[in-house]
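Participant: There's a structure below that I have some questions on.
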Amino acid sequence: MTPPATSFTPLLHLVRRFFRVRAAALLGAEGLLACDGSPAEQVVAACHGQSPELRALHHQPLPGTDARLILLDTAPLAGDLDTTALADFAHLAAELLDQQQRLQRMQDETTALKENEQRLALAVAGSGTGIWDRDVVNGRIHYSPGWKSMLGYAVGEISDRIEDSYGRIHPDDLDYVRRTMLDHFEQRTPDYQVEHRLQRKDGSYIWVSSRGKVVERDEQGRALRMIGTTTDITEMKRMARRLEQNIELLTDLTNEIPGMVFQYLRHPDGRGEYRYVSAGSLDIYGLSPEQVKVGRERILALIHPDDLPGYLNALETSAMALTPWHREYRVCLASGEVGWRLGSAHPKRLGDGSVLWHGFITDISEQKRIEAELQALAITDFLTQLPNRRHFMTRLEEQLARLQRPGNSGAALLMFDLDHFKGINDRWGHSAGDEALRHFAALLSEQMRRVDFAGRMGGEEFAVVLNDADHRSAMVFAQRLQQRLEDVPLLYQGERIPLTVSIGITTLGADDITAAGALSRSDMALYRAKAEGRNRIEVH
């Protein structure tokens, strides 16, 4: 099957513009698909070497088709350099078309997988990204099955020792990876991002992009746990190296695929225009290349308002210092969808003072979604889906900081302990105990307002902060929760299991300095409630 002419229209335009040939044709079993103003019979005759007016300068077969790309002119090229450049261009054009078709097939397969994904594990497997979870203190690291498969290992064939992981990093990259990791551990960088080589099981190396973030630290700020992703970018690196061997123009225009390839020009007076935009603009912005070229205002209107200042500042810095532009930002599409994009481009200054960027933009929405879900897992108690103790204490510290500011009203801190919880486990089993914890967490969440927040502190203990509350309103909340717990007992395997809870209350104000101190007061009140017979409410 011969590819559509529209797939090659930008390349035909480029070769006519930069090599000044008279015509460029795509000839296959279906006949002539594209030419440049010459009579069709002349072009066909030239393609077969039968035209005195037009000469075929170069023939290039297109992989996977019965078509040929043919470049035509009225005279031969002047020199070997032009002939070589033209041949390189035609060869690269053929490769790009073949890659475009393969990329489309890959995108179709990925879309089909996403439609069937129901769980995070399937989403990770379909995205081609491996997940790792590092225990910094104990020097252990857990890899997802997709991560191991990326390096050719089965599930049980790779150790979790961090020192073993360093042995897989290419020796030339090891110091760079260690320094970057240390910078993030010591909070000199907001996250960890590196590109380096990893050794596969068969001894070969692949290029990967690793991104991660420390999700747990101790009171001194030392890193405890770090979660991240690793993506195989070998094909992208291989393409970059191949393009570097071609002339500078082709390198600039086709440096990064997939996504939207673009050429953007900023004039000395500040006006900007897109000189070249690939068809990928439809996927990135929902706009055709022609719509993008009308003016950059259409692009700026789509960028999320919170991200627009940073987007413009990064572009300005790139223009002034001639440093690469690299930016993650959100776009608000006409469909109502908000997606994440990653843009990267290299600038150069022209003779008239203009700045010209060549680069690409890709859709990283799926990667961002996975990272957000991993972050949520790190701060959430799996059983009750409430914030875990560490996250609750962080929010409590933030609440106390707000109370230090003038004009902020007080708050109340309540501690809860399910009564006779051990007896539930002993009589009905631990699964019943788990159901009891989930049942209480659900009833607690029902009673809270949007401005309140709760957390599971460990075992059968919970806590909640009520904003704009004093001890009287906190007492009403506690009584209402106890009544609700009495009215809605736990049903487990057809049996009603009554639950009661002891509650300790303390108020928060500007005098509270630390979360630990405030928690200690409510804990003392809770202890008093337990000592006085349980199912009680005490105030400190």
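Start at 1 and count along the chain as shown; that gives each residue its number.
Placement of Cβ uses the backbone N, Cα and C atoms for every residue, glycine included.
According to TrEMBL:
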COILED    89-116  coiled coil
DOMAIN    116-188  domain 'PAS'
DOMAIN    192-245  domain 'PAC'
DOMAIN    269-316  domain 'PAS'
DOMAIN    325-376  domain 'PAC'
DOMAIN    409-540  domain 'GGDEF'
Participant: How do the residues of the domain 'PAS' (116-188) split into helix, strand and coil according to DSSP?
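Facilitator: The composition, in the requested order, is 37 helix, 13 strand, 23 coil.
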Participant: Taking contact to mean three or more C-beta pairs under 8 angstroms, with sequence separation of 6 or more, is the domain 'PAS' (116-188) in contact with the domain 'GGDEF' (409-540)?
Facilitator: no
Participant: Between the domain 'PAC' (192-245) and the domain 'PAC' (325-376), are there three or more C-beta pairs closer than 8 Å, counting only pairs 6 or more apart along the chain?
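Facilitator: Answer yes, regions in contact.
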Participant: Go ahead and report the DSSP secondary structure tallies for the domain 'GGDEF' (409-540): helix first, then strand, then coil.
Facilitator: 60 helix, 38 strand, 34 coil
Participant: How does the domain 'PAC' (325-376) divide up by DSSP, counting helix, then strand, then coil residues?
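Facilitator: The composition, in the requested order, is 12 helix, 29 strand, 11 coil.
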Participant: Write out how many residues of the domain 'PAC' (192-245) are helix, how many strand and how many coil, based on DSSP.
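Facilitator: For the domain 'PAC' (192-245), the helix, strand and coil counts are 11 helix, 31 strand, 12 coil.
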Participant: For the domain 'PAS' (269-316), jot down how many residues DSSP puts in helix, in strand and in coil.
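Facilitator: Once the DSSP states are binned, the domain 'PAS' (269-316) shows 24 helix, 7 strand, 17 coil.
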